[in-house]
Structures are given as C-alpha cells and as structure tokens.
Amino acid sequence: MSERVVEGRAVMSGASQPAPPAAARPTRRAVPAPVSQVAAVAAILAVWSWLAATDQVSDSALAGSVESFARLAEVLGTSESWAAIGQTLTAWSISLAVALAVAVPLGLLLGRSMLAYRSSRFTIDFLRTIPALGLIPLAALVYGASREAVLIIVIPACIWPLLLQTIYGVRDTDPVAIETARSYGLGRWSILGRVVLPSALPYIATGIRLSAIIAMLVAISVELLVLVPGVGSLIAVAQRNGETVDVYAYTLLAGFLGLAVVLLFSRLERRVIAWHPSVRGHR
C-alpha cells in the first residue's frame with residue numbers, strides 16, 4: 001500500500017478510506033396533526049369563552065360558546081333547520097353540477113386549442129374579476145328572493161376555478177406523450193381521452209374541490225343577503241330579531257356545512273388521484 005500527497009494531504013492508494021462519521025443531528029418529534037388541530041380549536045373556544053365571560057364585548061354582540069353550541073344542538077332537532085339545510089344543499093349541488101358540465105369541456109377545448117385560448121383569454125380574465133356578490137342587486141331585481149337568484153350568482157362563481165384548473169392541466173400535458181400517442185396511430189379523441197385527460201385529472205380534481213367550497217360559501221352568502229330560504233336566511237332573520245345566540249348557532253351550522261364539504265372533497269380528491277406522486281408522498 002503506497003502513500004501519495006495530493007494538494008498537501010496524504011492520501012492512501014489501493015484502499016478506500018472510511019467515510020467520516022456523520023454529525024449527530026438532534027431529532028425533533030413532530031406534533032401529530034390531529035393533536036395540533038384539537039389544540040387550535042380548544043384555544044379558540046377558550047378565547048371565545050373568556051371574551052363572553054369577562055364582558056369584553058356586549059351580550060348583544062357576543063354569545064357564549066357553550067350557549068351557542070347548546071342552541072345549535074336544539075335547532076338541529078327542528079324541521080325548519082333541516083329544510084333550510086336541504087335548500088342550501090340543493091342550490092349548492094345544482095350550481096356545482098352546472099359548473100362541471102360547462103367548465104370541464106370548455107377547459108379541454110381551450111387548453112387544446114391555442115387559437116381558442118388566445119381569443120377568449122381577455123373575456124375570461126374580465127368576467128372572472130367581477131365579484132360574485134356584486135351580481136346580487138341584478139339577480140334580486142330580476143328573480144327576487146328565489147332559488148334562481150342564488151343559482152345565477154353561484155354558478156359563475158364556481159365555474160372560474162374549475163375552468164382555469166382544467167386549462168392549466170391540459171396545457172401542462174407532456175408533449176412527448178402526445179407525440180408518442182400519435183406515432184402509435186391514436187386519433188385526436190383517443191389522445192384526448194387516454195393521454196390529455198388523465199394528465200389533467202389532478203388539476204381538474206383540485207378545481208372541483210375549490211369550486212365545491214366556493215359554491216357553498218357564495219350560496220350561504222346570497223341566502224343571507226337576499227333572504228332566499230336556506231341556512232343564510234336563518235342567520236339573517238335571527239340577526240334582525242336580535243336573537244344573538246341563534247345568530248351564532250346558525251353561523252356554526254354554516255361553518256360545519258362548509259367543513260363537511262372541505263373534508264368530503266379532499267378525501268374524494270385523494271381517492272381519485274391516488275396514483276399521483278403528490279398524493280402518494282403524503283401517505
């Protein structure tokens with residue numbers, strides 16, 4: 001075994017040198033997500049209860065957390081509340097279904113055709129910047145306090161996220177995969193169904209989740225402002241009657257409806273694109 005000098009250092013030839021020991025790194029135990037989430041909710045409830053108990057806010061503006069949840073349990077036992085939930089879910093589901101039927105095919109078309117995309121880009125950018133709630137006066141003037149007024153506002157609001165996500169997903173398709181499919185003799189529609197659509201599916205799934213959440217938020221907001229029958233109108237009526245506890249109870253109900261939508265569509269998204277690396281990496 002010989003020794004040679006390289007740049008002032010002695011290097012042993014003919015045998016590999018052992019690697020230097022890795023520096024010990026302190027390990028940190030991550031807090032489980034459920035524990036941190038429960039802790040955050042507990043902290044919010046504690047602050048809420050403290051504000052109500054210490055009269056930091058007047059009783060007419062803030063109800064206690066215990067009273068609000070107790071009232072929520074009571075109203076869930078009434079047919080009025082379940083009828084309102086059904087009306088809100090009906091408007092939400094119709095709006096989301098229409099958005100799916102319009103946004104996905106249109107997004108596939110605009111994503112595949114550069115001419116169509118460039119021709120419609122200004123129109124899309126202009127229309128999607130119009131606030132959804134800004135259409136309330138027009139909808140109320142034309143349709144009054146009806147379900148149509150809710151739909152005419154909610155449908156455009158949940159079309160845009162899904163449309164843009166579909167366009168981005170189609171345009172992000174690997175061109176090599178498309179050319180390979182063409183070399184195997186696949187036609188335009190076969191490429192769309194076998195290559196483009198599976199590639200864009202993660203984007204579309206995210207767009208559906210975002211649109212579902214937006215549809216619920218906007219539907220309840222329109223019901224509240226226009227007094228269309230639904231969960232939002234229950235909040236508005238309770239506020240007008242000065243029933244503070246009811247306002248908080250129905251607001252909690254609206255929050256739980258939104259949370260249910262988030263959890264449901266997040267789970268569906270993970271199932272639909274379970275093969276995608278972004279999902280497999282979090283398992």
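Easy rule for this one: first residue shown is 1, then count along the chain.
Quick reminder: no glycine exception, Cβ is built from N, Cα and C everywhere.
Copied from TrEMBL, the annotated features are:
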REGION    1-26  region 'Disordered'
TRANSMEM  35-53  transmembrane segment
DOMAIN    85-269  domain 'ABC transmembrane type-1'
TRANSMEM  89-110  transmembrane segment
TRANSMEM  122-143  transmembrane segment
TRANSMEM  149-170  transmembrane segment
TRANSMEM  212-235  transmembrane segment
TRANSMEM  247-265  transmembrane segment
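Stretch with the largest number of CB pairs closer than 8 A to the transmembrane segment (122-143), among 35-53, 149-170, 212-235: 149-170. Sequence-distant contacts of the transmembrane segment (35-53), counting only residues of its own chain at least 6 positions beyond either end whose CB sits under 8 Å from a CB of the stretch, comprise 62-66.
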